[in-house]
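Following: one structure in structure tokens, then a few remarks.
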There are 2 protein chains.
Amino acid sequence: MSQSYRVAILGATGAVGTELLSLLEECRFPLADLKLLASPRSAGQTLMFQGESLTVEAVGDRAFDNIDIVLASAGGSTSKAWADRIVAAGAVMIDNSSAFRMHPTVPLVVPEVNPGAAAEHSGIIANPNCTTILMNVAVYPLHRVQPVQRIIAATYQSASGAGARAMEEVRLQSQAILDGKAPVPEVLPYPLAFNLFPHNSPMTETGYCEEEMKMVNETRKIFSEPSLRISATCVRVPVLRAHSEAINLEFAAPFSPDQAREILSQAPGVKLVEDWQANYFPMPMDATGRDEVLVGRIRQDISHPNGLELWICGDQIRKGAALNAVQIAELLIEKDWLRPAERAIATPQS
Amino acid sequence: MSQSYRVAILGATGAVGTELLSLLEECRFPLADLKLLASPRSAGQTLMFQGESLTVEAVGDRAFDNIDIVLASAGGSTSKAWADRIVAAGAVMIDNSSAFRMHPTVPLVVPEVNPGAAAEHSGIIANPNCTTILMNVAVYPLHRVQPVQRIIAATYQSASGAGARAMEEVRLQSQAILDGKAPVPEVLPYPLAFNLFPHNSPMTETGYCEEEMKMVNETRKIFSEPSLRISATCVRVPVLRAHSEAINLEFAAPFSPDQAREILSQAPGVKLVEDWQANYFPMPMDATGRDEVLVGRIRQDISHPNGLELWICGDQIRKGAALNAVQIAELLIEKDWLRPAERAIATPQS
């Protein structure tokens, strides 16, 4: 008999939290017990799981006792607030927030790319940012064959990246505009319906916003390429839940599109979507609800002999967040890496 | 007394045609007479101009007699079909279609960039593609100071690029989705509401679609830089009428963002929109209905010492089409270039 595990979802009522719930249901995760945790404000709500109604509990001091795995998706401050307690309780926290991603002792893992890094955890494993995960799944199979020298990405990010309330806001704003009324921004700083704007994460001193620097720094860490040259422009678009990215890759020598196509057609987590005759390539409506990152429009960059252009779409909530976290949990179980690596367990101070 | 001119709009009932009409009204164009032409299907419609109701006439053999300037916005096949007749009638055709843009004897003009090229016309002047115009207005002022070596662009193109019916389609599809119904694509190949897809223009053998190759080839012609290295990824997004572009520029030496900002703040047709504190940059909702190309997020490309990143938005129907055409007409009048250059008048065979 295979073992089963006690799992808690911290932030169970959010967009990623509810997706975690349905993924655990779908993927026949070996659950002994499932605990739903959220802020006191959301406690008492009920969510359906495998035909049963589960009540969301308020997170508290004893919430993580007897838990093996915590899937955290309640934002950075919540993750930071509870990390010590989770690790002290002997659980592993797989954290969707950005709180610990760049900490040197916290593995940052995309299972298709750097599964081995997960073995080195000290109680916390970070799930990368959505745009990073999607790009890494598509680019790494090529990078393995011939190291990429430079990446220039432009993103087309859906409302789901700002949470369930932002998705609802886009719907409400769209209806308002169709009715001839003014759209009201509340969650996002500007109207997103029939509009778009550069990603509203805080600006860094480089002129890149934090979302863009996540793509740069997280990719470097995941690829173990600390000086990989990356530039990104992140943009929110009025799509509900899948992100798209135009990715320009530069290699040290030519990389034929046919070879790239061959590699990506067999790459884990990738689905090649290219019908050149029908002009049919990855679209958010097709990526929504799917596990794979859709990749297509693989072209020789006509502006550089060693360049390749890719176009990708992926479900931001699924592979961009919840699915990647569940895959990390499955990896820990499969490899028997749930117990922290043999060294002092210490919560990083971020 | 300054002279006035007899103008015909060919394709008066389309998205660009109606914008031409309102521009001629706004800009106090020295009109002696205005004739509205369209296909027999649209003939008989009336459009308001300066408080008067004008009836749209069916284009025909004598339609261009006694006309000085034809503003053509009825598509490539209509432009090709009537070009001979227009030139033979002694009028200048300013053509919004792609029919003659790359013909060696037809000037392709963005007045802020290469006004002098207009002097060389033989009866036809081509208006560039919308994405090209917007990019060229923003990039050329920098290129003049230090030649750009390579451009990598990703576009976010509104429905208006596919015409008034596509704009209506996005509205209808959005309402359908909000009502829980399936969106029906008719004008565009796939649903655009809450979705996006690579530009659906015909694919070329390079793997770039025609829209992308327009950005490449037209920019080379307008800049008189036949081997300028350019790559583009063109994408349709669910915005109604302004296009956005993420533009990565590579120079032969560093180009400081502050110098670029200084240059662009004084560049013709450009409005600098940057509030770094408020994270406020160009957006389609702000570009809609405006003449200027909004430029912002000017950043040092952290992946290349000689790189700059720009983010631009511009009204696709206005500066991307109708306004640029009216500006060409004004240029011809101002410089007294209405009569063709002193050589044989010959309609190019495209």
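Quick reminder: no glycine exception, Cβ is built from N, Cα and C everywhere.
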Given that TrEMBL records A:Glu210, A:Arg236 as binding substrate, the matching residue among A:Gln157, A:Gln173, A:Gln175, A:Gln277 is A:Gln157
Please pick, from A:Gln316, A:Gln327, the residue that TrEMBL records in the NADP(+) site together with A:Thr13, A:Gly14, A:Ala15, A:Val16, A:Arg41, A:Ser42, A:Ser160, A:Gly161.
A:Gln316
Take the mean position of the Cβ atoms of A:Gln157, A:Glu210, A:Arg236, the recorded substrate site. Which other residues of that chain put their Cβ within 8 Å of it?
A:Thr131, A:Thr155, A:Gly161, A:Ala162, A:Pro198, A:His199, A:Asn200, A:Ser201, A:Cys209, A:Glu211, A:Cys234, A:Val235
Neighbour count (Cβ, 10 Å) for A:His243 (active site, proton acceptor)
30
Tell me the Cα distance separating A:Arg41 (NADP(+) binding site) from A:Arg101 (phosphate binding site), rounded to the nearest angstrom.
27
Just to verify a number: CA distance, A:His243 (active site, proton acceptor) to A:Gln157 (substrate binding site), in angstrom, no decimals.
5
May I ask which of the recorded positions A:Cys130, A:Gln157, A:Arg236 is closest to A:Gln316 (NADP(+) binding site) if we compare their C-alpha atoms?
A:Cys130
How far apart, in angstrom, are the most distant Cα atoms among the substrate-binding residues A:Gln157, A:Glu210, A:Arg236?
14
Most Cβ neighbours inside 10 Å, all chains, among the binding-site residues A:Arg41, A:Arg101, A:Arg236:
A:Arg236
Restricting attention to the domain 'Semialdehyde dehydrogenase NAD-binding' (A:6-121), give the mean pLDDT.
96
